[in-house]
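J.: I'd like to ask you about the structure that follows.
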Amino acid sequence: MEYYHHSINKMAMFMVILVLAIDVTMVLGQGTRVGFYSSTCPRAESIVQSTVRAHFQSDPTVAPGILRMHFHDCFVLGCDGSILIEGSDAERTAIPNRNLKGFDVIEDAKTQIEAICPGVVSCADILALAARDSVVATRGLTWSVPTGRRDGRVSRAADAGDLPAFFDSVDIQKRKFLTKGLNTQDLVALTGAHTIGTAGCAVIRDRLFNFNSTGGPDPSIDATFLPQLRALCPQNGDASRRVGLDTGSVNNFDTSYFSNLRNGRGVLESDQKLWTDASTQVFVQRFLGIRGLLGLTFGVEFGRSMVKMSNIEVKTGTNGEIRKVCSAIN
């Protein structure tokens, strides 16, 4: 009996060590680590946090803007701040990036940090931290952000083709995510960022009036939701008008986005497909805690997936640079 308990204790200790090893691997990523600036610029993270909070208080739309910007940065050439670079043919000029916002928030934080820690903190890290702080500003859960990224020196609009599109099938979405080392759960979790933010009428109009050139709406749209969307985005109305991606909860980081998918009230075609495809529907159900399935806590899993995404093709050590100004290479 004593040997039995001893074996159980050893096994329990092994499992704890294994879990810790997994968490450490997740946090450290490819040369990044939590607290990278703790000795070289200890105020960096608090400056980013306060800057995001100040801008959010005057304009809540910066939160989804920054979160989307970080996603777009990581999916193109890795998380290296290349989305921040200005230029006639830079990433931010590509069609999927033309409505990004929050550049001023990142530059504001960078200016403050440079004043006390010149040449230390990368723009890529500021963006990663600001994305986390944007979720917190909208009442989402926090997570530890590994830092230590360096800034890239290449930014090309042509590379934006790696980004998932609003009309992509689930198979295409999964392929694009898998290419970046992200699995199906990561896909559903990260797309859950659409719980905050908006989309332009231009990207949903065909879905409302001429889906797949049928002359009618997407049949997956709930019958009571369709007239609401059509009222917001008339067939010949303002294509630039914005529509909330999470009806009724556009400014709160919560699971109502997934409830909307279950009820046929997803705004984007690619979002609603997460419910109609069995391989992704199961994760939507698990985030909703549907009985009979092993539940997943959305806020926790979102943070885990964000850490994975934030370590895509990062530049560390002597690769890249630390920009003096986020919008231009040194």
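Backbone N, Cα and C atoms are what each Cβ position is placed from, and that goes for glycine too.
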J.: Mind checking which of C41, C79 has the disulfide with C74 in Swiss-Prot?
T.: C79
J.: In Swiss-Prot, C326 is disulphide-linked to which residue out of C123, C201, C233?
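T.: Checking Swiss-Prot, the candidate bonded to C326 through a disulfide is C123.
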J.: Which of these, D186, D254, does Swiss-Prot list as part of the Ca(2+) 2 site with T195, D246?
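T.: Only hit among D186, D254 in Swiss-Prot's Ca(2+) 2 site, alongside T195, D246: D254.
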J.: Do you know which of C117, C201 Swiss-Prot records in a disulfide with C41?
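T.: It is C117, per the disulfide annotation in Swiss-Prot.
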J.: Please identify, among the recorded positions R68, D73, S82, P164, N212, the one with the smallest Cα-Cα distance to D254 (Ca(2+) 2 binding site).
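T.: Closest candidate to D254 (Ca(2+) 2 binding site), judged by Cα separation, is R68.
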J.: Name them in sequence order: residues not among T195, D246, D254 whose Cβ is within 8 Å of the mean position of the Cβ atoms defining the Ca(2+) 2 site.
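T.: After dropping the recorded site residues, what remains is G192, H194, I196, S249, V250, N252, F253, T255, S256, Y257.
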J.: Using DSSP reduced to three states, classify C326 (disulfide bond) as helix, strand or coil.
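T.: DSSP call for C326 (disulfide bond): coil, neither helix nor strand.
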J.: Under a three-state reduction of DSSP output, how is D246 (Ca(2+) 2 binding site) classified: helix, strand, or coil?
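T.: The residue in question, D246 (Ca(2+) 2 binding site), is coil (DSSP, three-state).
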J.: Including all protein chains shown, what's the count of other C-beta atoms within 10 A of the C-beta of D246 (Ca(2+) 2 binding site)?
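T.: Counting Cβ neighbours of D246 (Ca(2+) 2 binding site) within 10 Å gives 29.
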J.: Report the residues of the chain - excluding D73, V76, G78, D80, S82 - with C-beta within 8 Å of the mean position of the site's C-beta atoms, for the recorded Ca(2+) 1 site, in sequence order.
T.: C74, F75, L77, C79, G81, I83, E91, A124, G152, S155, E313
